[in-house]
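As given in Swiss-Prot:
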type    : residues                                   : note
BINDING : ASN28, LEU30, GLY55, GLU77, ASP103, ASN123 : S-adenosyl-L-methionine binding site
Amino acid sequence: MSAGDGLPPLREVVARHGLEPKKALGQNFLYDLNLTGRIARAAGPLAGVTVVEVGPGPGGLTRALLAEGAARVVAIERDPRALPALAEIAAHYPGRLEVVDADALAFDPRPLVGDAPARIVANLPYNVGTALLTGWLDGEAWPPWWDQAVLMFQREVAERIVAGPEERADYGRLGVLCGWRTEAEILFDVSPSAFVPPPKVTSSVVRLVPRAQPLPCRAGALEAVTRAAFGQRRKMLRQSLKALTPAAGDLLAAAGLSETARAEEIPVAGFVDLANRWDAHRKAGAPVGTPA
């Protein structure tokens with residue numbers, strides 16, 4: 001397939017630079033520039049926007065983002081084999097592509113983004129996608145540095161991101177954290193045949209838009225409560241929350257929740273209430289029923 005941006009076809013780039021995907025890095029490359037273009041367009045108009053991309057590999061999505069008009073792309077890549085291929089793209093789009101040789105799990109892109117409008121668009125490596133997302137949702141400061149994220153995950157992870165109590169099998173800590181701070185939706189699925197090598201499962205592209213004003217809650221408190229609650233999801237909350245406090249029953253009563261309730265039955269607002277009450281309870285002298 002010839003590319004419409006004047007750069008060589010991706011298969012040729014991969015062959016020339018010896019970029020066969022590595023399973024250890026969670027790499028599955030997209031060669032179809034029509035598909036990468038669709039992903040880039042899902043992030044909306046990109047004029048004037050800085051896009052942060054994780055795991056660009058040979059640069060198929062990178063090229064699509066630049067072709068769709070992104071003012072600047074910050075591409076974070078830990079595989080040194082990909083750097084020469086990305087350098088070729090940077091030369092083709094002078095001043096618009098900054099390649100960072102780093103592990104995205106340990107790298108903070110905010111100093112490079114600055115005050116410019118920013119989005120995250122990425123075909124995330126399967127082995128670190130969830131960890132990256134929870135990191136972007138973390139922190140007490142909100143709204144975050146990004147105004148939208150368009151991300152590729154395994155379908156089962158995507159379903160967990162958008163799940164609520166009505167989808168009990170998929171609903172968990174990830175769904176609570178995403179539902180608390182973002183509006184999340186699955187945009188479309190991507191067949192395994194679109195990737196090289198083809199994974200064993202279908203993938204999905206998810207869009208997350210930060211809520212301007214999430215329900216007030218300390219992020220660390222919500223993380224602690226959901227970790228305890230879903231860590232033993234089949235147990236009643238009065239048992240699973242004892243990992244946090246011996247007063248779990250009083251905490252549930254103060255929140256108006258049944259002691260026999262299980263984590264998968266509690267909506268996001270219920271977990272926020274629990275987290276606020278637990279946060280108050282852990283402060284010296286604060287009664288269980290007092291919100292933080």
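In case you wondered, yes, glycine gets a Cβ from its N, Cα and C as well.
Proximity of ASP103 (S-adenosyl-L-methionine binding site) to non-local residues of its own chain (separation of 6 or more, Cβ distance below 8 Å) is seen for ARG78, given in sequence order. For the S-adenosyl-L-methionine site listed in the record, the two most distant Cα atoms among ASN28, LEU30, GLY55, GLU77, ASP103, ASN123 lie 21 Å apart. Of all Cβ atoms in the protein chains displayed, 24 besides its own lie within 10 Å of the Cβ of GLU77 (S-adenosyl-L-methionine binding site). Counting only residues at least six positions away in the same chain, the Cβ atoms of LEU25, GLY26, GLN27, ILE76, GLU77, ARG78, ALA104, ALA122, ASN123, LEU124, PRO125 sit under 8 Å from the Cβ of GLY55 (S-adenosyl-L-methionine binding site). Cβ-based neighbour count (10 Å, all protein chains) for ASN28 (S-adenosyl-L-methionine binding site) stands at 22. Every protein chain shown contributes to the tally, and the Cβ of ASN123 (S-adenosyl-L-methionine binding site) ends up with 28 other Cβ atoms within 10 Å.
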